Amino acid sequence: MGGQLSIEARLKSIIPQLTFDSHKGACGKVAIIGGSVEYTGAPYFSGISALRVGCDLAHIFCHQDAAIAIKSYSPELIVHPFFKEDYDTNEVLKWLDTVQALVVGPGLGRDESVMEATLSILKQAITKNIIIILDADGLFLINNHLDLIRGKKNIILTPNVMEYRRLCDVLKVSHNTPCNKVALMLGGVTILQKGQVDEVSNGSYTVHVKHVGSPRRCGGQGDVLSGSLATFVAWSKLNQDFQDEDLICCSVAASALVKECSSFAFTEKHRGVIASDIIESIPSVFDQVFGQNKIQLIYE
């Protein structure tokens with residue numbers, strides 16, 4: 001890890017204590033832009049993971065053809081059928097003033113009109129006091145508009161292997177370019193590069209997450225990560241002592257949590273592990289990793 005960053009100490013400050021006098025919203029609110037007629041599971045996985053980690057409210061802004069399916073998956077999620085012929089971006093922007101974190105991309109699809117609307121929202125969301133996580137089709141979208149995020153300290157990119165390669169292609173660098181160099185090329189945005197060993201960097205700080213995870217790679221794990229990360233960064237924004245480096249700490253925390261959940265689910269379901277099994281393990285695994293007595297993270 002480059003520089004000195006006390007991840008455990010920051011997380012102790014960031015993770016809110018549960019008290020009987022707290023109110024709804026005190027533990028954070030997040031929003032997800034995603035969901036299309038083909039992909040209804042991804043935004044659900046992201047939103048429900050955010051709730052399982054511990055945020056209070058999760059909004060999903062999706063294509064109207066995906067809304068009923070997502071609503072039927074869980075009554076816990078607040079689903080807005082936004083992408084339609086007469087859409088108004090202000091419908092989303094007014095809600096973004098009430099949340100601390102925004103995930104863009106899960107199941108979004110690549111319909112041209114949806115991409116155009118999402119880009120319009122993203123341009124304005126970046127100026128708000130929220131953290132924005134770009135994943136999946138959100139990364140595909142931003143590859144053509146990297147100047148929009150360059151130098152922005154409220155941005156986290158969460159590319160998998162193929163998404164990282166596409167990002168490197170756009171930047172005209174080798175696929176083997178280290179994460180910290182790519183982060184610097186983008187002006188210090190935070191990157192959580194997913195892999196067997198997740199790497200987190202903003203160019204100044206670099207952390208390798210050493211939790212083992214699972215050999216089972218089922219669909220939806222990236223969505224579980226994006227939702228989990230959204231809750232951690234929402235908590236960080238609610239903290240009066242917020243620091244830009246908290247995005248590194250939150251990314252490490254989310255990575256460690258999802259890898260441990262994946263490992264736990266694998267011991268129970270083996271080859272049959274699906275994303276829902278990983279999500280189901282979040283509450284108990286969270287207490288093991290982030291218990292009140294000691295935060296147990298493995299990284300370097």
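Heads up, the Cβ atoms here are built off N, Cα and C, so glycines get one too.
As the structure is a computational prediction, the values presented were derived from the model and not from experiment.
Under the heading (6S)-NADPHX binding site, Swiss-Prot lists Gly107, Asn160, Val161, Met162, Glu163, Tyr164, Arg165, Arg166, Asp223, citing sequence analysis as support. Taking a C-beta cut-off of under 8 angstroms and a sequence separation of 6 or more, Arg165 ((6S)-NADPHX binding site) has the following same-chain neighbours: His175. Under DSSP, Arg165 ((6S)-NADPHX binding site) is assigned to a helix (H, G or I) in the three-state scheme.
Under DSSP, Gly222 (ATP binding site) is assigned to a helix (H, G or I) in the three-state scheme. Per Swiss-Prot, ATP binding site is recorded for 194-198, 213-222.
Residues annotated as domain 'YjeF C-terminal' in Swiss-Prot, with sequence analysis given as evidence: 7-289.
Averaged over the domain 'YjeF C-terminal' (7-289), the predicted model reaches a pLDDT of 96. If you take the CA of Val161 ((6S)-NADPHX binding site) and look 10 A around it, the binding-site residues you hit from Lys194, Ser214, Cys218, Gly220 are Lys194.
Closest in space to Arg216 (ATP binding site), of the binding-site residues given as Gly107, Glu163, Asp223, is Asp223, taking the CA atom of each residue. Within the same chain, residues at least 6 positions away in sequence whose Cβ sits under 8 Å from that of Ser214 (ATP binding site) are Lys259, Ser262, Ser263, Ala265, Phe266, Val273. Ranking the binding-site residues Lys194, Arg216 by how many Cβ atoms sit within 10 Å of each one's Cβ puts Lys194 at the top. Within 10 Å of the Cβ of Gln196 (ATP binding site) there are 9 other Cβ atoms, across all protein chains. Neighbour counts were taken as the number of other C-beta atoms within 10 angstroms of each residue's C-beta; across the binding-site residues Val161, Cys218, the minimum falls on Val161.
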